[in-house]
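Participant: As listed in TrEMBL for this protein:
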- A:Asp66: active site, proton acceptor (ACT_SITE)
- A:His62, A:His64, A:His142, A:Asp212: Zn(2+) 1 binding site (BINDING)
- A:Asp66, A:His67, A:Asp212, A:His270: Zn(2+) 2 binding site (BINDING)
2 protein chains.
Amino acid sequence: MGFSVTVLGSNSALPTSERNPTAQVLEASGRFFLIDCGEGTQMQLRRNRVHFGRINHIFISHLHGDHVFGLPGLISTFGLLGRTKDLHIYAISDLEKLLTPLIDYFNRDLPFKVVYHPFIAERDELIYQDNLLEIKTIPLKHRVPTVGFLFREKCKLRKINKQACDFYDVPVKWLHRIKEGEDFVSENGTVIENMKLTLNPPPSVSYAFCTDTRVHDGLIRAVEGVDMLYHEATFLKDQTELAVRTFHSTAEQAARVANEANVGKLLLGHFSSRYRDLTPFLDEARDIFPNSFLAREGDSFDV
Amino acid sequence: MGFSVTVLGSNSALPTSERNPTAQVLEASGRFFLIDCGEGTQMQLRRNRVHFGRINHIFISHLHGDHVFGLPGLISTFGLLGRTKDLHIYAISDLEKLLTPLIDYFNRDLPFKVVYHPFIAERDELIYQDNLLEIKTIPLKHRVPTVGFLFREKCKLRKINKQACDFYDVPVKWLHRIKEGEDFVSENGTVIENMKLTLNPPPSVSYAFCTDTRVHDGLIRAVEGVDMLYHEATFLKDQTELAVRTFHSTAEQAARVANEANVGKLLLGHFSSRYRDLTPFLDEARDIFPNSFLAREGDSFDV
């Protein structure tokens with residue numbers, strides 16, 4: 001079970017002939033999460049062979065068209081394919097008001113339920129959790145209410161140290177309890193501490209998706225130490241003033257966030273359509289944070 | 001000044017990784033008309049280098065998502081590009097009710113006006129005309145109110161027969177009146193008939209766009225003699241029953257319409273995503289109507 005991100009769209013508001021508006025699929029321990037859904041996302045899912053039936057949760061960062069205009073088509077297609085499973089959408093509450101009339105008109109007999117999970121963009125919130133994973137919002141600073149999403153595996157159970165268990169004659173029926181953290185108590189009452197019978201758990205992986213935003217301190221704190229950070233880089237540093245004015249970031253600023261937050265790797269995206277060649281983004285970021293990469297349509301990254 | 005159709009999307013409701021939902025651009029005497037606007041149309045316009053500023057009129061055949069879900073993104077992009085010219089949209093009146101809340105929310109300061117031209121789908125109507133061209137609706141038979149569009153150049157002026165005008169000593173100042181149809185009257189009162197001084201005008205070109213529909217007699221009459229007919233062919237003839245049930249057509253049926261209506265050429269499209277290889281559509285149609293062609297993304301056809 002991996003933890004990887006596939007880029008479906010890397011461009012900012014004006015799509016180009018080669019770059020789509022924002023969308024990503026995160027595969028986390030066998031679950032598939034769609035993050036943002038710009039126009040053309042359903043075609044991009046097909047091109048990248050993501051099975052539609054595996055998409056059950058969609059996370060929408062903010063209500064600008066280039067992050068949501070793929071939803072009506074995707075929902076219609078799910079309906080035409082006979083989906084019956086609930087589809088969960090996480091966004092600010094306005095989305096439901098905007099989508100409902102469209103779904104009612106264009107998909108009169110939608111065979112599944114769209115379940116909205118509204119959140120308040122101005123504060124961080126735990127918006128999803130299951131036995132393996134939790135997802136929190138990160139308030140961002142954009143022209144409209146906008147959040148990032150922090151995907152984090154829960155602390156995993158410690159691993160059984162098979163050699164130690166053999167040494168202390170631990171019966172098999174105890175292994176589950178030891179994995180859960182209990183000390184072992186033998187039939188004659190001897191107590192063996194859990195730490196002696198187990199190994200450290202595998203590390204919990206985390207991924208932060210942050211677009212669209214100006215740089216701000218709260219963001220840096222929120223993504224501290226994540227394994228991978230997707231940070232928007234709409235412009236190059238020679239357009240810093242424009243970035244600030246439009247509540248976006250430059251590649252340099254994204255790299256500084258990655259550096260200050262001490263993340264594992266940085267993925268840059270949301271490129272302005274004014275740029276055809278993206279290598280200057282990579283150069284600018286790597287000067288500050290060497291482990292930087294470009295989000296490009298169809299590329300997958302292990303987190 | 002040509003008269004040509006460029007295919008932006010050839011697929012039916014479920015887009016595939018290679019085929020987009022319906023959209024076409026008709027270039028007629030220097031004007032560009034967008035016909036239907038499925039999801040991804042703005043990217044397809046870019047890929048085919050159609051300048052956004054030349055699109056002033058959009059014709060929507062019916063309100064199924066695969067024919068309209070590209071409109072919000074296209075309108076947003078026009079706004080971001082600073083368009084100021086009115087954008088004219090021709091559709092049944094429901095479209096305005098559905099689009100307005102989206103435009104109001106996502107494009108608060110849209111710098112141009114969207115002008116709706118509602119029509120009644122159940123009757124044929126002249127919905128557009130200028131000095132060169134007229135556009136009429138053709139009522140179709142689908143599950144929701146649906147029309148085709150008939151684009152027809154107006155009768156052109158006769159051409160000056162230069163040799164004859166020289167022979168009869170026609171002064172230059174008369175040429176405009178002769179082109180408009182007047183007889184020539186010389187200074188001594190001699191009348192030379194217009195027909196002797198002019199040649200037949202170039203033919204008036206016509207294009208009919210017909211999707212989605214069952215075959216019906218009214219349609220055949222409406223497209224009688226057009227130079228090019230785009231007719232949907234969602235299925236092959238072995239699925240005729242399914243075609244009838246879903247109010248669609250087969251390639252064979254489309255070819256019969258072309259044959260009975262005595263059109264110049266037939267363009268097939270709106271293929272079901274169940275078909276990957278489209279050559280059977282061409283074979284099936286050409287058995288009945290040899291001058292048949294497949295609509296494929298990016299292909300252009302002179303009408």
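Count begins at 1; order follows the chain as displayed.
For all residues, glycine too, the Cβ spot is worked out from N, Cα and C.
Please go over these features one by one and say how buried each is and what sits next to it.
Facilitator: The Cβ of A:Asp66 (active site, proton acceptor) has 28 other Cβ atoms within 10 Å, all protein chains considered.
Counting only residues at least six positions away in the same chain, the Cβ atoms of A:Ser12, A:Ser61, A:His62, A:His64, A:Leu140, A:His142, A:Thr146, A:Glu232, A:Thr234, A:Phe247, A:His248, A:His270 sit under 8 Å from the Cβ of A:Asp212 (Zn(2+) 1 binding site). A:Asp212 (Zn(2+) 1 binding site) falls within neither a helix nor a strand when secondary structure is assigned with DSSP, and so counts as coil.
Following the DSSP three-state reduction, the secondary structure of A:His270 (Zn(2+) 2 binding site) is coil.
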Participant: Run a quick check on A:His62, A:His67, A:His142, A:Asp212, A:His270: which of these binding-site residues have any Cβ-Cβ distance to chain B under 8 Å?
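Facilitator: Qualifying residues, whose Cβ lies under 8 Å from chain B: none.
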Participant: Pick the one among the binding-site residues A:His67, A:His142, A:His270 whose Cβ has the fewest other Cβ atoms within 10 Å in this structure.
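Facilitator: Comparing Cβ neighbour counts within 10 Å for the binding-site residues A:His67, A:His142, A:His270 gives A:His142.
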Participant: Within 10 Å of the Cβ of A:His64 (Zn(2+) 1 binding site), how many other Cβ atoms are there?
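Facilitator: Neighbour count, Cβ to Cβ under the 10 Å cut-off: 22.
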Participant: For the recorded Zn(2+) 1 site formed by A:His62, A:His64, A:His142, A:Asp212, name the remaining residues of the chain with Cβ within 8 Å of the site's Cβ center, in chain order.
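Facilitator: So the additional residues around the site are A:Ser61, A:Leu63, A:His67, A:Leu140, A:Arg143, A:Val144, A:Thr146, A:Thr211, A:Thr213, A:Phe247.
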